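Record features, source Swiss-Prot:
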- 40, 41, 42, 43, 44, 72, 111, 140: 4-amino-2-methyl-5-(diphosphooxymethyl)pyrimidine binding site (BINDING)
- 73, 92: Mg(2+) binding site (BINDING)
């Protein structure tokens with residue numbers, strides 16, 4: 001890991017609530033309009049020459065809605081365009097300039113998949129820690145096994161000083177069990193983007209996770 005910071009990363013809300021992870025500016029625009037306030041842009045298949053513009057536009061849109069927009073992986077562009085925060089996987093921690101991210105005031109979220117990675121994340125004092133994957137998922141190839149709700153509950157209890165995010169295979173039906181662990185946020189991908197009616201799914205999820213009932 002390069003240039004380890006000697007201070008904690010900027011804090012974020014202890015309970016981030018519903019946290020959709022999407023791959024395009026179009027999805028960010030749709031979800032911010034429905035009342036989502038925490039969101040992640042995880043670009044996967046965009047040509048490299050289009051990535052910066054997509055990130056810049058997403059950050060501007062996030063500011064417009066006063067949202068907590070985290071950029072996955074592209075920490076240099078997140079710094080350059082003044083993102084709210086960055087999300088890094090374990091492999092990204094090795095190459096990212098964590099000191100630069102911390103000094104610019106960006107919030108940092110870190111993925112973890114077991115107790116060892118959780119301990120490593122805590123040592124960096126990030127803004128939030130993602131705990132996963134909780135259930136089997138087809139969104140991303142995972143070398144680790146699903147941890148399940150009981151392990152999630154234990155990890156949340158052992159991480160009281162951090163904002164925590166549950167991620168991995170969480171469907172609408174599984175949300176109540178996940179919330180019952182005390183986790184501060186629920187990250188979802190397919191439950192929204194592959195729903196028959198994404199607006200209805202988002203409204204249901206906002207109600208389940210944050211108690212927000214959308215009008216109209």
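Each Cβ is built from the backbone N, Cα and C atoms, and glycine gets one as well.
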Which chain-mates of residue 72 (4-amino-2-methyl-5-(diphosphooxymethyl)pyrimidine binding site) that are at least 6 residues away have a CB under 8 A from its CB, listed by sequence?
21, 40, 41, 42, 43, 86, 87, 88
For residue 43 (4-amino-2-methyl-5-(diphosphooxymethyl)pyrimidine binding site), the three-state class that DSSP assigns:
coil
Roughly how many Å lie between the Cα atoms of residue 111 (4-amino-2-methyl-5-(diphosphooxymethyl)pyrimidine binding site) and residue 92 (Mg(2+) binding site), rounded to a whole value?
10
Between residue 92 (Mg(2+) binding site) and residue 44 (4-amino-2-methyl-5-(diphosphooxymethyl)pyrimidine binding site), find the distance joining the two CA atoms and give it rounded to the nearest Å.
15
Tell me, if you would, which residue among 42, 44 (binding-site residues) has the fewest other CB atoms within 10 Å in the structure shown?
44
Long-range Cβ environment of residue 73 (Mg(2+) binding site), under 8 Å and at least 6 residues apart:
42, 43, 87, 88, 89, 92
Binding-site residues listed as 41, 43, least Cβ neighbours within 10 Å:
43
Let's check the environment of residue 40 (4-amino-2-methyl-5-(diphosphooxymethyl)pyrimidine binding site): how many other CB atoms sit within 10 Å of its CB?
25
Under DSSP, is residue 92 (Mg(2+) binding site) part of a helix or a strand, or is it coil?
helix
Pick from 92, 111: which of these binding-site residues has the biggest number of other Cβ atoms within 10 Å of its Cβ?
111
